[in-house]
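**Q** Before I ask anything, let me first share the structure, which is written out below as structure tokens.
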Amino acid sequence: MASPHPVRDEVKDMETQNYSSSTSGFILLGISSNPQLQKPLFAVFLTMYLVTLVGNALIILAIHSDSRLHTPMYFFLSSLSFMDICFTTNIEPKMLVNLLSDTKSISYVGCLVQMYFFMAFGNTDSYLLASMAIDRLVAICNPFRYNVVMSPRRCLLMLLGSCTISHLHSLLYVLVISRLSFCASHVIKHFFCDTQPVLKLSCSDTSSSQILIMTETLTVIATPFLCILFSYLRIIITVLKIPSAAGKWKAFSTCGSHLSVVVLFYGSISYVYFRPLSMYSVVKDRVATVMYTIVTPMLNPFIYSLRNKDMKRGLRKLRVRIHS
């Protein structure tokens, strides 16, 4: 008699197999194990990926082609767009291939590499958001020294510092994960190699690894977040001292796009990472992870261009150049 749940049985069979982590790698369960949803999901996520690539590429081209956008804020925005392209490219192509594949496998080394770049680009995003908050802080609270404080050399050093810290953080993560043993199930209940789902598969004692990872992650991710929080507290205090309502609105309007991205990014990240492994939920984590790995990078170009007159002008100039 045929099983009434063939998909569930197939997943269960995969989970009960024994593998050698260094040779067989892992199986990525993906967004959904329902075969009927694979092609529709492929179409949806392929569209989102293409929108992300085109949108962020247009932001970069518009900024670099318009001399009036050669300012610190747009320097960081173009860097953020480039990191978003790298961030999604590290995850989505493999996810799209797996949606149309029966094996859905990823090698052990490939999993560690994907995990490394996922954290490197993701953390660089958070530090760039902090750099943009500092830029707004100086522009609103100390406008007369803006050109001195936010000099091109200092902006470049902030970008290099963001990349360096993020890559060192990723290296530590991957070294910790590589020391673990995976001797039972090798089915990752996720659509990419994220730390929590991979840790759940380890048959090693992960308590010390969890403490190290949580402490180090808290330091690396909380530092830019606290920087953003401090910057906006200073900005709010300064703006409240402006006598006219029009002046207050003008000052706050320059921060609206940045704040929207910060809420999207940190809201989903805090839900996924800042809780014990025992509270891990497959479905809820997939939804939250899709938000900051796929949806947020796709929405960033729209958020920064729809309400930004300078970016609208830059995009119009780019369109004219392309047509001519």
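Placed from the backbone N, Cα and C atoms, the Cβ positions cover glycine too.
Below, the features straight out of TrEMBL:
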TRANSMEM  41-63  transmembrane segment
DOMAIN    55-304  domain 'G-protein coupled receptors family 1 profile'
TRANSMEM  75-93  transmembrane segment
TRANSMEM  156-176  transmembrane segment
TRANSMEM  218-240  transmembrane segment
TRANSMEM  252-274  transmembrane segment
TRANSMEM  286-306  transmembrane segment
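Neighbours and distances for these, please.
**A** Residues of the same chain lying 6 or more positions beyond the ends of the transmembrane segment (41-63) and with a Cβ under 8 Å from any Cβ of it are 31-32, 69-70, 74-75, 77-78, 81-82, 84-85, 88-89, 92-93, 95-96, 99-100, 294-295, 297-298, 300-302, 304-305, 311, 314-315, 317-318.
Away from its own ends, the transmembrane segment (156-176) comes close to residues 75-76, 79, 112, 115-117, 119-124, 127-128, 131, 134, 195, 209, 212-213, 216-217, 220 of its chain (Cβ-Cβ under 8 Å, at least six residues beyond either end).
Tertiary neighbourhood of the transmembrane segment (218-240): same-chain residues 123, 126-127, 129-130, 133-134, 136-137, 140-141, 165-166, 169, 248, 251-252, 255, 259, 262, 266, 269, 273-274, selected by CB-CB distance under 8 Å and a gap of 6+ residues from either end.
With a threshold of 8 Å between CB atoms, the same-chain residues lying at least 6 positions outside the transmembrane segment (252-274) that come near it are 122, 125-126, 129, 132-133, 136, 139-140, 194, 196, 214, 217-218, 221, 225, 228, 232, 235, 239, 284-285, 288-289, 291-292, 295-296, 299-300, 303-304, 307-308.
Residues 31, 45, 48-49, 51-52, 55-56, 58-59, 77, 80-81, 84-85, 87-88, 91-92, 118, 122, 190-192, 194, 257, 260-261, 264-265, 267-269, 271-272, 312, 315 of the same chain, all 6+ positions outside the transmembrane segment (286-306), place their C-beta atoms under 8 angstroms from a C-beta of that stretch.
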**Q** Where does the mean pLDDT land for the domain 'G-protein coupled receptors family 1 profile' (55-304)?
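**A** Its mean pLDDT is 85.
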